[in-house]
Amino acid sequence: MTLRIRGVRKSFGQVEVLHGIDLLAEKGEVLAVVGANGAGKSTLIKILAGAQPASEGELWLDGERLDLRSPHDAHEAGIRTVYQELTLVPELTVTENLLIGSLPRRAGLIDWAAAHRRAQELLDELGFGAVRATTKAGRLSVARQQMVEIAKALVSEPKVLVLDEPSAVLAGSDLDSLFALVRRLQERGVIVIYISHRLAEVAALANSIVVIRDGTVVATTTPAETDESELIALMAGRRLERIYPDRRPAAGDTVLSVRGLTRAGEFEDVSFELRAGEIVGLFGLVGAGRSELAHCLFGDTRPDGGSVRLDGAELQPDGPRAAIRSGLALVTEDRKRTGIVASMTVRDNIALATMRATMRGPLIDGARQGARVAGMVRRFDIRPAHSAAMRIDRLSGGNQQKAILAKWLLAGPRVLILDEPTRGVDMATRVDIYRTVDELARSGCTVLLISSDLTEVIGATDRVLVMHDGRIAGELDSAGATEDQVLARSIGEAAA
Amino acid sequence: MTSQTAPPPVEDERRTPRRQLPRLVVGGRDVTSGVGFVVALVLLVVLAAVTTENFLTEQNLTNLLRQMVTVGLLAYGMLVVILTAGIDLSVGSVVAFSGIVSAGLVADLPIPLALAVGVAAGIGFGLVNGLLIAGFDLAPFVVTLAALTTIRGLAFVYSEVPIAPEDPGFFTLGTALAGPIPVPTLIMIGVFVVGGIFLTRTPAGRAIVAIGGNRETVRLAGISVKKHLVLAYTISGTCAGLAGVILASRVGIAQPSVGVAFELDAIAACVIGGASLAGGRGSVRATLGGVIVLSLINNLLNLHGVQSFWQQVLKGLIIIAVIIVQRRSMGERA
């Protein structure tokens, strides 16, 4: 039995994110797929899971060409995927979550005793005996829920099991159970596709390792032939050609000073300073606490300890309104959920944070507001050019993002926090965004650029702060920094 | 890379920007420009004119104008609340309470003051609804459902029997005419005009519309969601109070049992006008259109002498039909 992926490409609109992936996995093999955020791992997983069809290329399993158009197709073909996000129904018991659709019946009614027995047997057999089948899924810890997710994927005895960052929420003995399970599956002949950031784990478990970068397989190797530092270098790759404006770090006065900022479970003892006219990158892997820190700086959540000073005066965490008055602005990570008002026009969206800036008596001066918005549409080259009266959700993602930036620029912020501003944004729009951010900084605004894109976090900034596990794990000068230095700090390694 | 599900960019450069007439559309498209709406309106008028003798008489048309005031006022308040993705089920009970209180106070207070107290009661109920919903983060449906029964009860507590003030001054507000147009109708039109400007041209109005679209985005833009929710329910309560006082004054007798299911007519008017119960989408002008359609239906059935229970049945069916016709002509989901 062989799983073969040949020349798989995937495009979203005009943007191709996978440029012809080839993979090969034999029966009983653990194939690790590693790569930086945005390398294309998740897209590849979705193709395997049938959640998104490939634009081009072939999938073969056991000598059969697969045509996966839905998750159901993938299940039928014997491919099961366990995602990072949990999908259990919290109100139902573990038994129901596991056996839903195939609950044993007696005289037309569900035979609960038999169902619980079967579910418990399954869990015990997988080494997850710590989970009780009769518990409601929502009452389990995240780690235990993850175990149930894996068990659920194995109920139908799949030929291929795809695990997306399975260890992210596991620790200690739970992690040991997971490893033992993977080895057992291997003996049974299951093909395991194992996606992980944790390179040590990959080295211990995998038969072979595939490194993906920018939508391309850049290396296929084995744990014996490589080591962690080589993998990091492969993941980071070489720097792209310069699409970033030339930065000459400004040595302005300290504007924002963060001291010992702590929020339990999110980040701990975070201290740094931002100077006027500076662009500072903040890099970290998913779960490192970057976005949580951004929301706390913006006054959206209250810190448990520490302080934030703006121009020497302590900022009180009194909500976004107070933060905006003090001169902060936050472009959030999730454009759809917290960035735009989809039902309103581009104009309404751009003017949203500054409606009171163009008043005439009790009314908004439509002409002045329109002129301000039109100025921003031109400055950012938001397309189509007459889009001000269009609903914002008719625009492409990149243009929506430009409109969100425009909204905050109108507020004239002193400190602009950008959380993943270029996620899902095409290259041309990225360049526009970098250029605008650079202009802003030159005019004295301070920018904190949160990003999980290595090239961007170094290329578009003056300095990079690296977060790991809720703490600032390092600071690097962008001019001399390499991507592997940043990546190494973000996974808790010493300087490479 | 993970979330490239944005809709494809619209590259239609030929489409000229829509005429920049002062539109009272507050989010999404203006339904009154939909063909279906105009068709429905014309059909109803023609049907009424052809099948009855009395439709086009001055008396009937004046009646029609008077009768649409209650639903009209309630519908504007309801629209404001629906735009925030909320609902106000208490307006029918507020109509009863405001009416009976102002009628009861006529004996002790100068008439304008008695009427003002009735309206103030509506403001107060709306404020409480808003504070409960925004302050305790409760579901609007539940809070205003509780208010529906509470306020209805209070109306009966105030007076179990209808109150008919003897002072003829009490009828002035409800029955006065300005030329051929009833004063209450002018008040209603005034509410729609001012209310339209409020929703389209003031920061608070825009905030209310935006909250229904995406309250997280609004909050992170430094706009107080709670404050504007309280404002929205207060506006709805105010409209209901005003409607109650005007209704009592027009009929000349205030009943604690009046206004049952009025909230449904108000909601129906908004929905016929294209408002989305999910919030963020609705039009002041089209809601007024919805009010007119509903009133026409009522009037038509009355003229035909249709028995009142059958009126309810027919009204329900007609509302569904109007909405289907209209949404299809707009090419949008119903």
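Counting starts with 1 at the first residue shown.
Note that Cβ sites are derived from N, Cα and C of the backbone, with glycine treated the same way.
Taken from TrEMBL, the feature transmembrane segment applies to B:31-52 (among others).
With a threshold of 8 Å between CB atoms, the same-chain residues lying at least 6 positions outside the transmembrane segment (B:73-97) that come near it are 26-27, 121-122, 125-126, 129, 133, 140-141, 144-145, 147-152, 154-155, 158, 187-188, 191-192, 195, 199, 208-209, 211-212, 215, 228-229, 232-233, 235-244, 246-247, 254-263, 265-267, 269-270, 273, 275-282, 284, 287-288, 290-291. If you look up TrEMBL, you'll see B:73-97 (among others) marked as transmembrane segment.
Sequence-distant contacts of the transmembrane segment (B:109-131) (same chain, six or more residues past either end, CB-CB distance under 8 Å): 77, 88, 90, 94, 97-99, 101-103, 140, 143-144, 147, 151, 167, 169-170, 172-173, 229-242, 244-245, 248-249. Residues or ranges marked as transmembrane segment by TrEMBL: B:109-131 (among others).
The annotation transmembrane segment is assigned in TrEMBL to B:138-158 (among others). Note on the transmembrane segment (B:138-158): residues 81, 86-90, 92-94, 96-97, 100-101, 104, 125, 128-129, 132, 233, 256-257, 263 of its chain, located 6 or more positions outside it, place their CB under 8 angstroms from a CB of the stretch.
Feature annotation from TrEMBL assigns transmembrane segment to B:170-199 (among others). Packing against the transmembrane segment (B:170-199) from elsewhere in the chain are residues 24, 26, 58, 62, 65-66, 68-69, 72-73, 76, 80, 83, 103, 106, 111, 114-115, 205-206, 208-209, 235, 239, 242, 245-252, 284-285, 287-288: each is 6 or more residues past its ends and has a CB under 8 Å from a CB in it.
Taken from TrEMBL, the feature transmembrane segment covers B:229-248 (among others).
The transmembrane segment annotation in TrEMBL covers B:309-325 (among others).
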